[in-house]
């Protein structure tokens, strides 16, 4: 086994080196400034009055020259006559007796300087050690990759559910690592790199560890941000060291998590003409990938949720040969993931796997794992013997709407305002044909700043939405504000988030989807943000659009929002009596589930298809 230099050999070697330098320096200094003479010569110097400050020891006598003597400042002689001290007054020289130190005190005096330097060095190294992830100052260029030998990852493909397509793609990598010759008999070579792309929480890192667990090979895991440091050249050195370690342990897997921290396209975020440390590290990674020999048995796996910002040179064939999408699971995938995580908790007989999978549309693997754990915590708080379906329902509400604020009670006026606002959303959603189911309406404060909420969950996985469906969603978003204006005559600040979401959706319809009849099927937005990140972003108008076109776009957005607001107002006005009756029930009970809400809104007048939208001139 190779012993790290700075861990076992560095400090003893450094100590001996400093001690040797100190002793050598002391010896050279003594040779330059001290003159050793016989006792007779020393006594002659005394007679001539050339000495002062005589120090008489047990075996040695020393003194300082009154003036420099051939560059020497001190003279030393071996004491021959013990009675020499008695004749000092005869020569008119002051003297004093000294006790000569033993070898231990001399050694300690010699080592004082080196020990101080060593202590300072050790202190600074520990500071850097903590900041640089454990490598220390002497090992700052070493890779910080965590190594999981053979099957010690503890993860197999059976532990990863809901991503069957991704597992099928990665199974080939496992087969190549297990038996390269059998799978290369037709001339096929093992891919050099596999890029796992997908939203956060979908199991990319877990998949990479499962590949290593299935193949039974060493697994080198490191984050892309761990390559970049404050010292120039450290990142490139760590890339080289990582690949050298992997080649020495081949067959092996290198896994770089959050590759976008390292592989961002060159030129992004740097000064014009600049060449920062990150780009130098990326260049070294490209060189290592080019130098990969497939027969060595080293595979590079990487994960990112920002593939659109990666350098094109990194994604070309011959580097990352295969790109695998790890997306959010569908209903059957969610069922499989829930089955894996639910096996770790005690479930009640009313547990319904299919029902929980149906109401968790859009949940990623990490979200489902958190849901099962949250449901178990809910059951634990009420001291139950098993986790029930109701516990899962409460857990979903906590995840989606936030934690209930038991001490954030509203006054009667605010409670009435919030009740009408939330029912404005709920009734418009019930009246429109293509909106998501309303599962619950509550005026109990939840989360950060939410005084109430209307919980809607889709009943099935949807990948496309028609124009009429988007207009219905706009109508539901503005239903709360429309209810406030209808009942109280003016809006409140509670609709701020609804307005922001509705405006973003309307701009998407006009700028990205070409859903305005006047502007036609033209995309006016710049390239959108990554669809894998999952963060809503307001679309930005392309610089190619003229000022006149920008005015028409603003008018189209205003027309969409105005039409949705008018439509919501008409729905609520047509069902005003039902709105008042349901609001009274909501204020009394504070929460209405789907069954109670449907009972209170029986006979609700449904809205028809949206009429043609006219832009404001």
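Just so you know, glycine gets a Cβ as well, placed from its N, Cα and C.
If you look up Swiss-Prot, you'll see 1-7 (among others) marked as topological domain 'Cytoplasmic'.
The transmembrane segment annotation in Swiss-Prot covers 8-28 (among others).
Feature annotation from Swiss-Prot assigns topological domain 'Periplasmic' to 29-102; the stated evidence is sequence analysis.
Taken from Swiss-Prot, the feature transmembrane segment covers 103-123 (among others).
Taken from Swiss-Prot, the feature topological domain 'Cytoplasmic' covers 124-617 (among others), and the record attributes it to sequence analysis.
The secondary structure of residue 202 (ATP binding site), as reduced to three states from DSSP, is coil rather than helix or strand. The Cβ of residue 202 (ATP binding site) has 163, 326, 327, 328, 329, 364, 365, 366 as same-chain neighbours under 8 Å, each 6 or more residues away in sequence. Annotated ATP binding site per Swiss-Prot: 198, 199, 200, 201, 202, 203, 204, 205, in sequence order.
Long-range Cβ neighbours of residue 421 (Zn(2+) binding site) (same chain, at least 6 residues apart, Cβ-Cβ under 8 Å): 452, 480, 481, 483, 484, 492, 494, 495. Summarising the annotation, Swiss-Prot assigns Zn(2+) binding site to 421, 425, 498 and lists sequence analysis as the type of evidence.
With a 10 A radius on its CB, residue 422 (active site) counts 26 other CB atoms from all the protein chains. Feature annotation from Swiss-Prot assigns active site to 422; the stated evidence is sequence analysis.
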| note | residue 204 (ATP binding site) and residue 498 (Zn(2+) binding site), compared by Cα position, are separated in whole Å by 33
| Candidate with the highest Cβ count within 10 Å, taken from the binding-site residues 198, 199, 201, 203 | 203
| field | Any further residue of that chain within 8 Å (Cβ to the Cβ centroid of 198, 199, 200, 201, 202, 203, 204, 205) of the recorded ATP site | value | 303, 305, 326, 364, 365, 366
| request: Take the Cβ of residue 200 (ATP binding site) and count every other Cβ within 10 Å, whichever protein chain it belongs to. | output: 13
| residue 498 (Zn(2+) binding site) versus residue 201 (ATP binding site) - Cα distance in angstrom | 27
| said: Can you give me the residues near the recorded Zn(2+) site, meaning same chain, not 421, 425, 498 themselves, Cβ no more than 8 Å from the center of the site's Cβ atoms? | reply: 422, 424, 454, 477, 478, 479, 480, 481, 483, 494, 495
| Nearest to residue 203 (ATP binding site) in three-dimensional space, by Cα, is which of the recorded positions 422, 425, 498? | 498
| query | Can you tell me how far the Cα of residue 198 (ATP binding site) sits from the Cα of residue 422 (active site), in Å? | reply | 34
